Amino acid sequence: MKKTTLLVILDGWGYSDSDYFNAIKNANTPTWDSIWQEFPKTLINASSLEVGLPRSQMGNSEVGHVNIGCGRVVYQELTKIDKAIEEKTFGDNKAICAAIDNVIKNDSNLHLIGLLSPGGVHSHEEHIFEMIKIAKQKGIKRLYLHAFLDGRDTPPRSAEKSIKKADKLLQDLNLGYIASVCGRYYAMDRDNRWDRVEKAYNAIVNANADFIYDSALEALEQSYARDQSDEFVIPTCIKKDGHLVKVQDNDSVIFMNFRADRAREISHAFTDESFDHFPRKKHLNINFTTLTEYDSKLKCAVAFPPKQPINTLGEVLMKNHKTQLRIAETEKYPHVTFFFNGGREEQFEGEDRILIPSPKVATYDLQPEMSAPEVTDKLVAAINSGKYDCIVCNYANSDMVGHTGNYEAAMQAIEYLDKCIARLKDAILEHDGNMFITADHGNADMMVNPETQKPHTAHTTNLVPFIYVGHKKAQVALEHGKLSDIAPTLLNVMGIAQPKEMTGKTIFNFEK
């Protein structure tokens, strides 16, 4: 019977001493409080340069899981693209040039789709603005921007500033206009809610939408009048001079998001010949280009293809003939699999995966426990089975409920997680295993912005906890650690040599 080493990632569980709308600190968490007092712990960095992001940029789930799983600081797409723009090589990118050449050759249209936001989590609006400028420089005559609106990694009603910037740039360059707007709730689903994606797709491709207005700003104002914040703006088309824009054969579409998980579904709708999740009028003959690789199965050009890291935690465990399990509910399943493995889709030998469906609710404040009960049941059963050397799991609650801005619901989510942690603690200690508890970034630790007194729905840059729960004697060996130090710590407790590619350091020393 194997002694399991369990890594619990509490998504969005940051640490803050402030009790100002801090759902984590103010919730009733007897198990967490006792673990915090009784077991070795420290705080580690999950944002900024320490996870390969620009200075002061908040971390996110993709970045967090990549850094944890790879055991080294992995420089993120945001940083790479910023560097290409700074060095003026962005416009020389082969995939981008091919998309633009296709438009010029066919005298067709260039469509940019993506999250128009300064959030820096899934995209950055500066990348969109740079692409618009490059298109003008290279001779594009007609460019249409299909803007997905944020309100999740940014304040809920903050899109006006971004829309005005885009409008002004397009007008100054006499290049085109914003042809549709849509909340990310529709265009960037990742939970197989294809009815949402269908509405976004039809607005972009077929100019078929519930609402049509004369400008993107008017569309936003009318959405607010219906009490729909940025994230939930119903897909809307913009009519200019009596003209509605459609995507047609021989057009080029460039998807400007750099993060994969919420870009996959709508990309498949654009590119899959045998797509069957909702009816399309036809399969378009277009040049479809993505800024980064969203899914290796997508038939499209990729501007910044990934470099597969070697000797990630999963690969090292496989090479040492260890069994491993990855488990999460739908919202975070790609993070403990694809992202944790450094962008690898395939399972390693000896790696099992369990996907628990996320509840089908409009927003997760309606069901703060999400699918944590089912995740915990499977985890406890896996620990009791003695089958696995290493288990990696993710609890989505503190992030997904935190994103709703509902403080009371976030506290309920935290309190439910506390009960789940109690069950895991009992199972691990009973079987003489090791449990590490951490987070990939903060969120529920600040539910209201103290400066604006408005709901704070974005991630925080706060440090995150790293706790060891087990019978071994452990001492903190590394102050000011970071997410990339977690994998070396797990290898240390399991008695496995750390490969040279892992540049992280062990956070705890354990008595032999």
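Keep in mind that glycine also has a Cβ here, set from the backbone N, Cα and C atoms.
Since this is a predicted model, take the numbers as computed values, not measurements.
Of all Cβ atoms in the shown protein chains, 27 besides its own fall within 10 Å of the Cβ of D11 (Mn(2+) 2 binding site). Per Swiss-Prot, Mn(2+) 2 binding site is recorded for D11, S61, D440, H441.
Annotated active site, phosphoserine intermediate per Swiss-Prot: S61, in sequence order, evidence recorded as sequence analysis. Annotation for S61 (Mn(2+) 2 binding site): same-chain Cβ neighbours under 8 Å, separated by at least 6 residues, are D11, D261, K332, H335, F339, D399, D440, H441.
Marked as substrate binding site by Swiss-Prot on the basis of sequence analysis: H122, R152, D153, R184, R190, R259, A260, D261, R262, K332. Taking a C-beta cut-off of under 8 Å and a sequence gap of six or more, R190 (substrate binding site) has these contacts in its own chain: D261, R262, R264, E265, T330, E331, P334. DSSP assigns R190 (substrate binding site) to coil in the three-state reduction, outside any helix or strand.
Summarising the annotation, Swiss-Prot assigns Mn(2+) 1 binding site to D399, H403, H459. Taking the Cβ of D399 (Mn(2+) 1 binding site) as centre and 10 Å as the limit, one finds 28 other Cβ atoms among all the protein chains shown.
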*Excluding D399, H403, H459, please set out which residues of the same chain place their CB within 8 Å of the center of the CB atoms of the Mn(2+) 1 site, keeping sequence order.*
D11, G12, N60, S61, R152, D153, S398, M400, G402, H441, N443, A444, T457, A458
*Could you round the CA separation between H122 (substrate binding site) and H403 (Mn(2+) 1 binding site) to a whole angstrom and send it over?*
15
_Candidates D153, D440: member of the binding-site residues with the richest Cβ shell (10 Å)_ = D440
*In the same chain, outside D11, S61, D440, H441, whose C-beta lies within 8 angstroms of the Cβ mean position for the Mn(2+) 2 site?*
I9, G12, A46, G59, N60, G64, H65, K332, H335, D399, A439, N443, H459
